[in-house]
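Here is the structure we will look at.
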Amino acid sequence: MSRLRIHRFAFLGDARPFGDREVIAEPREALEPRVRLGERPTDGLQAERHFAADEIGDGHGQAGIERRRGGRVHGGASISAHARARPGRAQKSAIPDNPRRKRGGIVEVPFRLRFAFAMNLSLYVVTVLIWGTTWIAIKWQLGSVPPPVSIAWRFWLAAAAMFVLLRAMRRPILPPRDAWRFLVAQGFALFCLNFLCFYYSEQVVPSGLVAVVFSTAPLLNSINGRLFMGRPLRQSAIAGALLGLAGIGCLFWQQMAGHVDDRATWIGLAIALAGTMCFSAGNLLSSRMQAMGLHPLATNGWAMLIGATILTAGSIAAGLPLAPDTSPRYLAALVYLAVPGSVIGFTAYLTLVGRIGPERAAYCTVLFPIVALAVSTVFEGYRWSPVAVAGLMLVVAGNLVAFDLTRRFFVRTA
C-alpha cells in the first residue's frame, strides 16, 4: 500500500539525513490532503506525521517529504534501494521503535519535539530581546545624519557581514534566477520603505502610537497570507493578535491621549501603517523564498544589499550628504543596529517565519514594546500604571492564545 511519510526538521532549506534516507526540505503547503497527528487520511494513503515544530507553531514552516508509490520516491527525496516501498507490503518505520511512545500506530519522538520547541523558542526570544532594544540605538542616531543615509549605512554593513558569514559557513551565495524578483521586492519593501516609513512616523507621532500600529503585523500577515498565498486563516492566531493589539493600546493609553485630533498625527499613523504593510510583504516574500529552499542568510544578505543601494541612490538624488557621524556614540549605535539588530535579528526572525509561519512569528512585534518599556523602567524611570499592567496581561494572554498554549495548559487531551 502507498504510504506518505512526513518529517519536520529543525533547519530549513537543507537536505538532512534521517536513518538511511536523505530528505530534502519542501514547503508543507504542497501536502494535500492535510491530516492531523494521529488521524488516518481518507484517500487510502497511510500516514505517519511528526511535526516537531508544531510544539510552538502553526505548521506553515518546512517539511521533508517522502512519497512512495509503486517503489518510486516523490517530493524530491532520495532514498536507498533497500528502503524503498514495495507495493502491497507494509512498511517498517525508519524511526527507532519505542513501545512506550506508541499511540494508535503513530511513533512519537520526544527528543525531536523538545529540540524543535527549544529551537523555535530560542529564535523567538532572541528576536524579541534584540529588536526590543534597538530603539535606543535608533534614538542615538537621530538628528546628526539624515535617516535614509543612516539606514543605508546600516544595511551596507549588515549585508557585508552576511556575505562574510556565508563564505565562512561555505554556503552558496548566488541565488537562483527565479529568486531575483522576490529579492528585489523584499529589499525594496522590508529594507527600504519599511524603515523610511517608521523613521518618518517616529518624528511626528508618539512612539506609543507607532507601537500600536506596528502591533497589527500579525493580523496583516494572516490576511495577506490568505489573499496572496492561500494560507488558511487560523482563529487562534487572529484572536491572539487582537488580544495583543488591545494590550498594546492599554500600555500606551496615556501617551495616546491628546493626539486624536491632531491632523499630523493621523498622517503619521497612515505612514506607519504603510510601513507595517511593507513589513508584512517582506515576511511573506521571505516565507516564499524559504519554500524554494533558500536560506534566510543568503536572501537577507542580497535583500539588504538591494535596500541599501536604493536608499543610497535616493539620498544622492535628494542631495543628502552621505558621510556618517564619526562620534563614538553614533558609530556604536550603527554597529549595534547592523550586526545584532540586522544580521542576528532579521535572520532569527525570518527563520522563525519559515518554521512557524508569518502569522505567529509576527507576534514578536507585540512583545517589542514590552521589552522597550522594561528597559525604560530601568534607565528612564518609567512607571507602570494599573492600565499598563492590564495591557501587559492582555499581551501575555494573546501569546497563549496565538500559539495554542491555552489548549495545552487547560484542555486535557486523550
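Yeah, the Cβs are placed from backbone N, Cα and C, and that goes for glycine too.
Residues or ranges marked as region 'Disordered' by TrEMBL: 57-99.
Positions annotated as transmembrane segment by TrEMBL: 111-131 (among others).
Confidence for the domain 'EamA' (123-252), expressed as mean pLDDT, is 88. Feature annotation from TrEMBL assigns domain 'EamA' to 123-252 (among others).
With a cut-off of 8 Å between Cβ atoms, the residues of this chain six or more beyond the transmembrane segment (151-168) that come close are 191-192, 195-196, 199, 297-298, 300-302, 304-305, 307-308, 311-312, 315, 322, 324, 334-335, 337-339, 341-343, 346. Look at TrEMBL and you will find 151-168 (among others) tagged as transmembrane segment.
According to TrEMBL, the transmembrane segment annotation covers 180-201 (among others).
What TrEMBL records for 207-224 (among others) is transmembrane segment.
Taken from TrEMBL, the feature transmembrane segment applies to 236-254 (among others). Same-chain residues lying 6+ beyond the ends of the transmembrane segment (236-254) with a Cβ under 8 Å from its Cβ atoms: 58, 206, 208-209, 211-212, 215-216, 218-219, 222, 357, 359-360, 362-363, 366, 369-370, 373, 385, 387-388, 390-404.
For the transmembrane segment (266-285), the list of distant contacts is 182, 185-186, 189-191, 193-198, 200-201, 203-205, 209-210, 213-214, 216-217, 220-221, 224-225, 228-229, 303, 350, 353, 358, 361-362, 365: same-chain residues at least six beyond its ends, Cβ to Cβ under 8 Å. Per TrEMBL, transmembrane segment is recorded for 266-285 (among others).
Sequence annotations record features per position, and here TrEMBL assigns domain 'EamA' to 267-401 (among others).
According to TrEMBL, the feature transmembrane segment maps to 297-318 (among others). Beyond the transmembrane segment (297-318), the same-chain residues lying 6 or more positions past its ends with a Cβ under 8 Å from any Cβ of the stretch are 146, 148-149, 151-156, 158-159, 162-163, 165-166, 169, 171-173, 175, 179, 182-184, 186-188, 190-192, 196, 282, 286, 289-290, 342-343, 346-347, 350.
According to TrEMBL, the transmembrane segment annotation covers 330-354 (among others).
If you look up TrEMBL, you'll see 361-379 (among others) marked as transmembrane segment.
For 385-405 (among others), the entry in TrEMBL reads transmembrane segment.
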Leading contact stretch, 111-131, 180-201, 207-224, 361-379, 385-405 vs the transmembrane segment (330-354) - CB distance under 8 Å: 111-131
Residues of the parent chain within Cβ reach of the transmembrane segment (385-405), under 8 Å, 6 or more residues beyond its termini: 56-57, 218, 236-237, 239-244, 246-254, 360, 363, 366-367, 370, 373
Contact ranking winner - 111-131, 180-201, 361-379 against the transmembrane segment (207-224), Cβ under 8 Å: 361-379
Same-chain residues near the transmembrane segment (180-201), Cβ under 8 Å, at least 6 residues beyond its ends: 138, 147-148, 151, 155, 210, 213-214, 268-269, 271-272, 274-275, 278-279, 281-283, 285-286, 288-289, 299, 302-311
